2 protein chains.
Amino acid sequence: MGNRVQAASSRRRLSRAPATTKRIIALAIRLNFLDSGFERDFAAFLTTKREVSEDVNAVVRAIIDDVRARGDAALADYSARFDGVDFSVTPMAVSAAEIDAAIDAVEPEVLGALKVAATRIEAHHRRQLPKDDLYEDKMGVGLGSRWTAIDAVGLYVPGGTASYPSSVLMNALPAKVAGVPRIVMVVPTRGGAINPAVLAAARLAGVEEIYRIGGAQAVASLAYGTETIAPVAKIMGPGNAYVAAAKRQVFGTVGIDMIAGPSEVLVIADRDNDPDWIAADLLAQAEHDAGAQAILITDDAAFGASVEQAVERQLKTLPRSETATASWRDFGAVILVPDLDKAVPLANRIAAEHLELAMADPDSMVPKIRNAGAIFIGRHTPEVIGDYVGGSNHVLPTARSARFSSGLGVLDYMKRTSILRLGPEQLRILGPAAIALAKSEGLEAHARSVAIRLNFGEEG
Amino acid sequence: MGNRVQAASSRRRLSRAPATTKRIIALAIRLNFLDSGFERDFAAFLTTKREVSEDVNAVVRAIIDDVRARGDAALADYSARFDGVDFSVTPMAVSAAEIDAAIDAVEPEVLGALKVAATRIEAHHRRQLPKDDLYEDKMGVGLGSRWTAIDAVGLYVPGGTASYPSSVLMNALPAKVAGVPRIVMVVPTRGGAINPAVLAAARLAGVEEIYRIGGAQAVASLAYGTETIAPVAKIMGPGNAYVAAAKRQVFGTVGIDMIAGPSEVLVIADRDNDPDWIAADLLAQAEHDAGAQAILITDDAAFGASVEQAVERQLKTLPRSETATASWRDFGAVILVPDLDKAVPLANRIAAEHLELAMADPDSMVPKIRNAGAIFIGRHTPEVIGDYVGGSNHVLPTARSARFSSGLGVLDYMKRTSILRLGPEQLRILGPAAIALAKSEGLEAHARSVAIRLNFGEEG
């Protein structure tokens, strides 16, 4: 790992354009498919780590143990210490009146936009509801797959600037569609105050049980319960290093969703795009996090250069310029290919969370893409639409995990139970094969449990 | 945790029937719903830990690093040391000729049984294949969920006595049905020899790429690749503590399946069962592992006692008596309820991997069961049928995780990509809501990436 990272940095120094002018804020990595070292450089680029994981396991373990031992009292202590909130003054549970007041406090335009988003997200996710499949085969064996909602889920909502109402909708609405009877939201506060838009989003998503707690202590209380908070069966939602470590530690006792990494976008674009549009899309990813990644693949070197210049220009006027600059400088990339077909295998190896196809005839490329969290087709589908109002979920697999996992959906809030039903006749037909396999595996009690029902003279 | 375990042990001492005779081999825990302390005792019973997790993380980390650094050479060294196999004599890759020979070596009865199982498992899992859902909403926005198979998966098959051909079928056939183009199997050997039935099962499941390697080194080679073995995207299958730790450590680089715990069965039975049948079912679980768990819930105390006596009798003649005795003694339980309806909430809290309903009218209970890996309906459906030839998967959630997860299926070998497509008109309608939300979340570059396409006078 160490070696690879070093290789990537030295390559990066080599492959950057010379910084001849002071005006240049940040230069992305440049790769050219036709260069002799491309495969080596691209492979190194793929394995570049974009986050440093802090080891907070011991601290988190202590907090979890304390919450298990002292329950509400521990929650009160940690919330006083970390969030500056006194539960004897501001209750831990958020009241319905508070949510009502929050809705009044949200700007009408934003509330309206949240409603548009909620309606579309709910409609799209309804189509993901699985159907039970109960049937009898030719032999008369009853078989089936039956889906049920998880009894109770916890939704972690980060505090501060990362407290996104859109994420509340994206995490809670699939649970509501799945039919989860109890959805519990936890959100850390600064002195007890919660972003009104977050509470409005919770109300729109049908979440009424909300506690102003956060960190590892909130995760522990959801997993093990306290006097006030009944435990849940699965914990969802993003959080900082403490929250991620706590989720990993309680996994097994409860289910957890994926641990999301920094966001990323891959834009495949031909020369007929407005460079400013593509630059804006790249920066929409880059502004999320210094570890975010924005990649452009194009078949036109001049267009690539125009996009780089547009990024430079736009960075100067961006409120989150510092973050976006760091992301573009450290992880941004412009990859030149001789033709866009060559972009397909690269895209499948990158397996981006978000993939934009901004080209003539994007539809012909879609079936060739095997690995992507979400695909945004055509010049008028910026990824940002998917973040908010497209209807699909914005919680998507990062860090190449789209090779083996999916975005958040209704199935993440449900589980499947298999059903099997034999009568005496079916057991008579299938039993001998089960006995033969059990015996060949050395599991005599397995064999007996079938044989004893067939009067095969096995000892009872 | 310490306290709870202690409470459970002292309770266990109290609630056991007095061991008045030397003939008694093992007594399970007895709980009675009508006892005043039932809720407390049942809650403690639920949290009893059944496995000690060995901390092998450091050793595993070193092995993984070594395989990443030295590739095939490291695999050869570890396999010589741990498995006593010399790859210069017995090649690491299993040849097609070897698989042919293995099939000839398997008893015809067992081979026939494997074919019955494979046919039924494949047919059942075909029904799990998800359908793509691509559609246009009323506004003309294109949306969709598209499923694709994972490019390559690795299947770990344990060596020694736990090398079950049935598990090869259960893990590999859903991958084949999903359309996974490359399935790689690894299996540790003693001196290079592989159970012929395992190779036969691999052939039946369409697995042709097989390596005789195991342990953390096999997991590392699947995750990172070596000169001989190309890396996969997801690693499935059970293994010992080293394998489990290795899977946890490579998670992220590749996907992994759940880490399975010891097996368990819950049988809900009325008095009209043959006690010997039910005892045989309980022991079929107990013989798996000293940490396995077999639980009977009945509404008839005399029937419960008869089953206990039958367990005693059958234990005496069981080849794996030592394992089954330890399991029944340490984790077995007989729970008496006043009527079988009272068993339902208990079953939902236990969330058993396997649930047998051996009673009159079992169908009326099925819809009330929310949490179970698999349900076996009626007196002629012993759980063992599901282990081998029922058609459903025998890889199921253990240790109460059926509250939030499902058994292995075709979806575990696929991933879903969201699709979004807007034209200029749809962007004009939906764009303003996205801009409002982006601005309210303080993400100006997000807002810009939409506004710039709408000529909203945002800076480009």
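Backbone N, Cα and C atoms are what each Cβ position is placed from, and that goes for glycine too.
Those TrEMBL annotations? Automatic predictions, nothing curated.
DSSP assigns A:TYR156 (NAD(+) binding site) to a strand in the three-state reduction. Remark: A:TYR156 (NAD(+) binding site) has A:VAL186, A:VAL187, A:GLY214, A:ALA218, A:VAL219, A:LEU222, A:ILE235, A:MET236, A:GLY237, A:PRO238, A:GLY239, A:VAL243, A:LYS247 as non-local neighbours, by Cβ distance under 8 Å and separation of at least 6 in sequence. If you look up TrEMBL, you'll see A:TYR156, A:GLN217, A:ASN240 marked as NAD(+) binding site.
What TrEMBL records for A:SER263, A:GLN285, A:HIS288, A:HIS354, A:ASP387, A:GLU441, A:HIS446 is substrate binding site. Taking the Cβ of A:GLN285 (substrate binding site) as centre and 10 Å as the limit, one finds 31 other Cβ atoms among all the protein chains shown.
Taking Cβ-Cβ distances under 8 Å and a sequence separation of 6 or more, the neighbours of A:HIS288 (substrate binding site) in its chain are A:PRO262, A:SER263, A:THR323, A:SER327. Annotated Zn(2+) binding site per TrEMBL: A:GLN285, A:HIS288, A:ASP387, A:HIS446, in sequence order.
Annotation source TrEMBL lists active site, proton acceptor at A:GLU353 (among others). The secondary structure of A:GLU353 (active site, proton acceptor), as reduced to three states from DSSP, is coil rather than helix or strand.
Long-range Cβ contacts of A:HIS354 (substrate binding site) within its own chain (separation 6+, distance under 8 Å): A:SER263, A:GLU264, A:VAL265, A:LEU266, A:GLN285, A:ALA372, A:GLY373, A:ALA374, A:PHE376, A:GLU383, A:GLY386, A:LEU396. The active site, proton acceptor feature in TrEMBL is assigned to A:HIS354 (among others).
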Test of understanding: give the count of other CB atoms lying within 10 angstroms of the CB of A:GLU353 (active site, proton acceptor). 29
Select the most exposed residue of A:ASP387, A:GLU441, where exposure means the fewest other Cβ atoms within 10 Å, treating these as the binding-site residues. A:GLU441
Looking only at A:SER263, A:GLN285, A:HIS288, A:HIS354, A:ASP387, A:GLU441, A:HIS446, which the record lists for substrate, tell me the maximum pairwise CA distance in angstrom. 55
Any idea what the Cα distance is from A:GLU441 (substrate binding site) over to A:ASN240 (NAD(+) binding site), rounded to a whole Å? 47
When each of the binding-site residues A:GLN217, A:ASP387, A:GLU441, A:HIS446 is checked against chain B, which show a C-beta distance below 8 angstroms? A:ASP387, A:GLU441, A:HIS446
Out of the binding-site residues A:GLN217, A:ASN240, A:ASP387, A:HIS446, give me the one sitting nearest to A:GLU353 (active site, proton acceptor) by CA distance. A:ASP387
Cα-Cα separation of A:ASP387 (substrate binding site) and A:ASN240 (NAD(+) binding site), in Å? 20
Rounded to the nearest Å, what's the C-alpha distance separating A:GLN217 (NAD(+) binding site) and A:HIS446 (substrate binding site)? Just drop the number here, would you? 45
How many neighbouring Cβ atoms, not counting its own, are there within 10 Å of the Cβ of A:HIS446 (substrate binding site)? 30
